[in-house]
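What TrEMBL says about this protein:
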type    : residues                              : note
BINDING : ILE7, GLY8, THR9, GLY10, ASN11, MET12 : NADP(+) binding site
DOMAIN  : 5-97                                  : domain 'Pyrroline-5-carboxylate reductase catalytic N-terminal'
DOMAIN  : 162-263                               : domain 'Pyrroline-5-carboxylate reductase dimerisation'
Amino acid sequence: MAAAGFIGTGNMGRMLVEAMIRSGALPADRITACNRTPRKAEELAEAHSGLRVVPAPEDVARLSEIVFICVRPVDVPDVVASISSVVGAHQLVVPIASPISVEDLESILPAKVALVIPSVVNRALCGATLCVYGKRATDTDIRRLESLLSPFSTPVRIEERFVRIASDLSSCGPAFLALFLQKFVDAAVAETGIDRELAGRLVSAMTLGTAKLLTAESFTFASIRERVAVPGGITALGLEFLEREWNDVFVRLVRATHAKFAEDCTAMRERLNRRPR
Ligand SMILES: NC(=O)c1ccc[n+]([C@@H]2O[C@H](COP(=O)([O-])OP(=O)(O)OC[C@H]3O[C@@H](n4cnc5c(N)ncnc54)[C@H](OP(=O)(O)O)[C@@H]3O)[C@@H](O)[C@H]2O)c1
């Protein structure tokens with residue numbers, strides 16, 4: 001079983017560590033972690049006996065076969081600089097931020113590289129983890145990494161050119177969906193006076209049921225709509241209303257996320273001391 005190291009134990013680093021431990025992918029004593037503010041990593045070790053906390057990214061890199069970089073994009077170049085003279089050709093380095101090119105990272109580090117984009121839903125031991133592999137990653141590396149991810153998620157291999165849109169759907173998606181549900185509840189409370197907690201419970205149960213129909217019961221988006229909307233009925237009216245009002249909102253959403261992504265990629269390349277493409 002490969003030993004895993006985590007540089008950064010904020011939201012996502014901690015979520016990944018805990019998902020691996022809870023799902024049985026890896027015992028705590030096979031995990032090493034560090035965090036810039038050490039207390040966060042120490043708290044994780046207090047919660048999971050055997051997990052080893054070390055002072056710096058270089059220490060994580062020295063001790064781990066698979067090194068997850070779980071810092072914000074702005075902090076990635078510093079972390080890469082600090083581990084570049086420590087990692088070797090046998091190791092797999094795995095950043096989890098979308099504006100990083102695996103090719104760029106492979107040209108800077110002597111290690112093998114894979115990009116993994118998790119999702120907050122992995123905390124519930126489900127959802128996808130998006131995987132992009134660099135040229136040097138072998139079948140054994142891929143098997144090792146996916147054996148760590150599959151106990152708590154479905155690893156999905158994607159082409160690098162689809163990283164942003166796949167991340168929008170899989171990783172930003174929970175936040176987008178949560179906003180939709182929040183607005184639905186807010187309107188229900190404001191317009192009718194229904195209890196907020198009750199409205200929240202109803203939409204949460206509805207969301208779970210809809211997800212189960214889509215994933216376990218072979219329903220499609222269209223077949224759910226057909227089952228619920230009787231022609232001339234209230235759901236049909238609601239659907240017509242949403243189609244009209246939303247118009248091209250998702251097209252504009254995808255354009256906005258991709259414009260920001262292009263800026264982030266340029267900034268990342270500059271900070272990694274590479275020329276813009
Ligand atoms: N949130 C999501 O749903 C999601 C989904 C997919 C991917 N991601 C990606 O996951 C990454 C982390 O996001 P997050 O939400 O976990 O951010 P976060 O909560 O801010 O965590 C980042 C952690 O990295 C630590 N850190 C920064 N520089 C460090 C260094 N040089 N050495 C050690 N630790 C360092 C920070 O320490 P301090 O405590 O000192 O700040 C912080 O605890 C981002 O790149 C994001 O794009 C997020």
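Any Cβ shown, glycine's included, is placed from N, Cα and C.
Those TrEMBL annotations? Automatic predictions, nothing curated.
Quick caveat, the model's predicted, so the values are computed rather than measured.
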**Asked** On a count of neighbouring CB atoms within 10 A, which of the binding-site residues ILE7, MET12 is highest?
**Response** ILE7
**Fill in**
DSSP, reduced to three states, assigns ILE7 (NADP(+) binding site) to strand
**Prompt:** What are the other residues, in sequence order, whose C-beta lies within 8 angstroms of the center of the C-beta atoms of ILE7, GLY8, THR9, GLY10, ASN11, MET12 at the NADP(+) site?
**Reply:** PHE6, GLY13, ARG14, LEU16, ASN35, LYS40, CYS70, VAL71
**Request:** Report, as a single number, how many Cβ atoms besides its own are within 10 Å of the Cβ of GLY10 (NADP(+) binding site).
**Result:** 14
**Asked** Ranked by the number of other Cβ atoms within 10 Å of their own Cβ, which of the binding-site residues THR9, ASN11 ranks first?
**Response** THR9
**Prompt:** Once near-sequence residues are set aside, which residues in the chain of GLY8 (NADP(+) binding site), 6 or more away, have Cβ atoms under 8 Å from its Cβ?
**Reply:** CYS34, ASN35, ARG36, ILE69, CYS70, VAL71, ASP75, VAL79
**Complete:** Model confidence for the domain 'Pyrroline-5-carboxylate reductase dimerisation' (162-263), as mean pLDDT, reads 96
